[in-house]
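So the structure is just underneath, and the comments pick up after that.
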Amino acid sequence: MMIQSQPEQKGLRNRDAGYLNVSPAGNDLHTAHTQNQEVSYYSCGGHSSSSAQTRKSKVISDTPLRRLLVSVKMAEAFFEDRDSFSCSICLDILKDPVTTSCGHNYCMGCIEGCWDQDDLKGVYSCPECRQTFVQRPVLNRNTLLAKVVEKLKHTALHAAPPAAPHADPPAAPHAAPPAAPPAHCYAGPGDVECDFCTGRKHKALMSCLACLVSYCETHLQPHYNFPALKKHMLVKASTQLQEKICSQHDKLLEVYCRTDQQCICYLCTMDEHKGHDTVSAAAERTEKQKQVGEKQQKSQQRIQEREKEMQELRQAVDSLKLSAQAAVDDSERIFAELIRTMETRCSEVKELIRDQEKAEVSQSEGLLERLEQEVAELRRRDSELEKFSHTEDNIHFLQRFKDHSAPPVSEEMPAVILNQSRDFKTVMTSDLQEKLMLCCKEGVVEISAAVKAVHILQSAEPSTQAAASVAQYHRKYYQKYSFKDICVHCRKIKMCHGPMGKCL
């Protein structure tokens, strides 16, 4: 940014610029001080220069006025040479001034603070000229310089006239910030450091586009106090100052070339960008800001749509979780009922077999007992017949023959015919097992298909007829997100319609 020269001042400047204006008894006494000489003159409206010269010598001979002129001179010298009595570290008037061996003056506290930070390095340097010292110099208060500073401050304070009661303060491009706090904020990781701080850097507050330097709150004060620096453009502290400067002309980038779509300086418009469609950076920013607003509006609309979809998706996920848990609970209940049913059927079959076994065994054992009795009776009769056959008395033999020839009562019992299928092999449950396994397998296949058909999201573009049918199924269950159909398949297994219906 170009620095304009300050406008020419008419009349005499106020005391802040190093001048004093005194008007005793309606006459104007003006004293102006330059760097090498002092000019005093007395003027009154309507008087000639010779008359003014005569009155000048008369006024100077007056002792009180002479003292006033001396005070004015010292005050002007103090304000004009303020930098000579300022510490280059804190930029304030010297306090407890000390002088280093290289001849530079600092506040005792400022230079001690800098060298405290250099203790870790083991090498001490002058912040002004960077002269190094192997050992830390011993500093003593410069009493003469301290007296001069105190005397100048005291004289300037008493010689300065009071401010006009109704005078308005001069307008400044930059409003002075509040006084810096006692404890400065040091720069940390990611902060912009002050380029003027020595030792440990303070956090930069503003960056100057004219100086291309970043300043902390203390070192920024000259840009608020000196008229020439007040015209500099200050921005928030940034580490990318060089990006705002044209690399070819070292001028501030303040023009935008729409042809090449890049920021340029005003000299570029007369050079390689001559004849291009150019506008000011501020105007292009306004145009781009509108586009950003439109994009931001679309982005906000898109965000709202996505947030709505996210909410619906979360609700769908929650609904799916609840439905899945309900299906799991229902499946566990149904399979538990199936297990209990199978256990009941197993008990019934066992009881049926045992009852049949008991009945058949009881009948067979009764018949066996009767057969044993018959065999015993036959053995007894056979023994009697054996004895009877050996009787020698013919008359006795013939008389008892009728008794022994009568048939036994057991001959009336029918013959025992055994059943060839007299075991329970035909009642084996292997067939039942196969039928149950087949039924369960078919049911699990149906359940698996039903589980895989449950989706939260619909298919994008089905490419085949099968995919289309699946997508149709998805659309059907898109609002349900339910596993109820799975439970129906589980109930089908329990009910077992078909060949197994009689078994269960």
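For all residues, glycine too, the Cβ spot is worked out from N, Cα and C.
Quick caveat, the model's predicted, so the values are computed rather than measured.
Beyond the ends of the compositional bias 'Basic and acidic residues' (284-309), by six or more residues, the same chain brings 256, 258 to within a C-beta distance below 8 angstroms of the stretch. Summarising the annotation, TrEMBL assigns compositional bias 'Basic and acidic residues' to 284-309.
The domain 'RING-type' annotation in TrEMBL covers 87-130. Confidence over the domain 'RING-type' (87-130), given as mean pLDDT on the 0 to 100 scale, stands at 85.
As annotated by TrEMBL, domain 'B box-type' applies to 241-281. Only residues 6 or more beyond the boundaries of the domain 'B box-type' (241-281), in the same chain, are considered here, and those with a CB under 8 A from a CB of the stretch are 1, 207, 209, 212-214, 233.
The annotation region 'Disordered' is assigned in TrEMBL to 279-309. Counted with DSSP, the region 'Disordered' (279-309) comes out as 29 helix, 2 strand, 0 coil.
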Tally of DSSP helical, extended and coil residues in the domain 'RING-type' (87-130): 10 helix, 9 strand, 25 coil
